[in-house]
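Q: Mind looking over this structure? Questions follow.
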């Protein structure tokens, strides 16, 4: 099957596929319509010459390379493409003699498919060799990083730095060139992010090594902390480089990124459970411990973390952990209620406390078992991935020693571990059967090699068979590991709501549990938010969570009994939909308030830690103050991370922002203990310049990361809501200050005034970011003016607060302070108003009917229609434009003979134009009728401004019936999104609706419904045309959008569409060559279908996201823009 994960491969395969599509159509015309196939001798001869050149250059490459895998994998690809070319030549010769020959048509279609598949195999094999070159450089850096452990002198450090620099530069250059070549945006982003992290960590590594060498050589205190800093940095850089190596080897969408994240999440949950257990047990043992104190909160946190772990499990494990959490939560509520009534020492309460204590131990054991299983399966999977390269190298080398056999045995051992942990017997048996086959084949190959027959045809065939079996075994183990994990809901709130809504609308359809998983995720986040709230607010949010939980369970129960469409189910679905809206609104309100509180000041704790670390050695209580501030800093960092995660989970962020928040939270958790270690080194070595510089490096890295986190959190929540919450919080702080003055409490006053100043500065930061993000001059001026006014009010308030604190009983000073506080409130209100959307100016009301009267004059007659005029003819469609082969840029490394030969094949395919003049002329001379309109560009003659919104053709897509065809399901998903809006005056919506209909048609064609090869190929072309229209219009909207962030999001989404639509055309051609053929294996046909399905789903999703981003961008369109789109909801949101 063709793969096109690089731009070069895609650009070569596209014209080849385009011409093969014409051969497919010719074949079908001859087979179905009985038409003669024109003489193809000339174009086939040109392709034969290009293929021969490609093979010749490939063989020369094989002879000169030292890459054993390339030497092994190239020859089969040569044979494949040469055989296909031979069939094409044979077909051309037979058709020249008999244009109606049936065997010739068979050779034509099989040869066409083989040319495309064989060329793809050649390019992929060569590309894999290029990737191995990059990986070798990466592994060289990995090995050199371990040398950091033996650097103990400054001379060694200087040498190490000089040697590391060039290698890092080379790796960075190769990674940058590679990411530009990739077609998958996700892979590009992963490579860039990991490489940027490595670059950022390089100065940290040098700093950590320097302080280690300094402390060791001077025998100073803090050598253990220095060692931790160095080892942490080495491990972090190694992990990122290993991630680069993993991503480099991906040729399809990455579906395995969950493994390390889930393992980390479970370990973090277990660590937190362990840290809170003593506090929780202490509260349970003390019958007089009050409800709601730290001990009860510890129990809630344990249950919360265990619930997170349970959500990462599947099947029986999941049910047991979540069920235990729920039961213990209810028992804790009952115990708290008994103690609140003064009955904590009664036998019933004591028994309840003991049961909860035992239940916590049982719950912890279940989470530990789940974590061990996940880690074991993940480790085995990763071990197989690491060992398979060495095994393949051994198989490729006819003279390889026994060490390669050990690698194969190691792979089999890890696969056996996965099989033992499988819950599904069929999967387990399948893996074990593969292990038996590989063992027998490997023993046979080893025997041949021991007898000096390793280079014999039999041994080579065995090696190839084992290599294929190992790849299949890896796929089976990967699938088995993935199947032990639960279905994943979307990572952001809107995605979860959409998934939940789809299930609520159609609970009888099998969505693999995604909809219910989304609802569970929303409820879990709601309960996590409730845990940090107090009093009636907590109970209110928990009640909303319970309500959603109950309704979802009732609907699922009815669906399981086959009553998902009953009136009772419809009523419950409506209630569930309303309850979800209520829960979402309450969650976002609670989250915004928490962000306003926790992120009002992000850097003061680390600054106080720096002051404590640099305090003179004779400062009283120096150690105690440092430890207190270090603990405060760690708690503060933990709160920031937890709040940021909540903002990501229930905010309005898109997937990119959510993943960005998660990455910064992870970095903050890793960096925080390293900052404390660096501070402790400085504390124990006062005046040490190296220690000071190292602490500053770590501190600045932590601050930069938190600033990035803060910006992403601000993106994730509505700015207006954040400003409202901040304004309300300032009012409460001002009220506290009034109470403090009334009670003569200067410390309380200072705390309140400090909080007001921090919140005001936070508002200034938010406003500044929004000004930088906008290109709307009016908005920028309004926000900047309001921000400047607010900025001027903060210092006077602080000065007045200090004056009152010095003489708190002075009424005049109190009045001055309150006036300053009210001025800040007024300025904050003006900033908020600057973000308020302008209300439209409504026209004046119509006059009273009493004052209206009708005249006796008749309306003027209707003008006559023009006579004798004929509408102008429709202009001819534009010629298909072939993609140019990407020009080689100066300094690029892709100048190998292999690529030059591929370029020649590309050029030959282009010469064989989509409407070949020679073929048409020869056909015309032979009296053959060729319909040129078959290849005409599709024309959408119905402009969107006159399109009827009823759109009866959409009724072809049943929306309330179970859909088990993934392409049709993807089309319906886009269709639902597009039909929210009227297509009148909105070409993006019109094009999206056409794409949905075309994709529904493709679903029928791919699954063997009505239609033929030509219809499938034409359908893919039509989809590509509509895709180009969506992309063009989206870029026009982006160009006029004044919001930089929204514009970037829109461009990132829509730029994926052309690549995916091009791939759709190629895959449709491949699938068309298989329709109706009996010499195609079921496995090969299914593989082609799976690739086409995956591509179609990605295209529909990208267009759907483009529609959403375009609507958001249209709100921020330039007022003087000539380009406008009407966004009119068919069903308003308030209905």
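Please read every residue number as a count from 1 along the shown chain.
Any Cβ shown, glycine's included, is placed from N, Cα and C.
Pulled these features from Swiss-Prot for this protein:
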MOD_RES   100  phosphotyrosine
MOD_RES   537  phosphotyrosine
MOD_RES   822  phosphotyrosine
MOD_RES   1134  phosphotyrosine
REGION    2-835  region 'N-terminal globular head'
REGION    168-208  region 'Talin-interaction'
REGION    259-589  region '3 X 112 AA tandem repeats'
REGION    836-878  region 'Linker (Pro-rich)'
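Quick one: where do these features end up spatially?
A: Its own atom aside, the Cβ of residue 100 (phosphotyrosine) has 12 Cβ atoms within 10 angstroms in the protein chains shown.
Secondary structure at residue 537 (phosphotyrosine), as computed by DSSP, is helix.
Using a 10 Å radius centred on the Cβ of residue 822 (phosphotyrosine) and all shown protein chains, the other Cβ atoms total 13.
Across all of the region 'Talin-interaction' (168-208), the predicted model scores a mean pLDDT of 91.
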Q: Could you tell me what the rest of the chain brings near the region 'Talin-interaction' (168-208), counting residues at least six beyond its ends with Cβ under 8 Å?
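A: Here the qualifying positions are 4-8, 10, 131, 133-134, 137-138, 141, 148, 157, 161, 226, 229-230, 232-234, 236-237, 240-241, 243-244, 247-248, 250, 252-254, 663, 693-694, 697-698, 701, 892-893, 1052, 1055-1056, 1059, 1063.
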Q: If one measures from the C-alpha of residue 537 (phosphotyrosine) to the C-alpha of residue 822 (phosphotyrosine), what distance in angstrom results, rounded to a whole number?
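A: A Cα-Cα distance of 28 Å.
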Q: What is the interatomic distance between the Cα atoms of residue 100 (phosphotyrosine) and residue 822 (phosphotyrosine), given in whole Å?
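A: Taking the Cα atoms only, residue 100 (phosphotyrosine) lies 92 Å from residue 822 (phosphotyrosine).
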Q: Could you say whether, by DSSP, residue 822 (phosphotyrosine) belongs to a helix, a strand or a coil region?
A: helix
Q: Just to be sure I understand the packing, how many Cβ atoms besides its own are within 10 Å of the Cβ of residue 537 (phosphotyrosine)?
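A: Summing over all protein chains shown, residue 537 (phosphotyrosine) has 15 other Cβ atoms within 10 Å.
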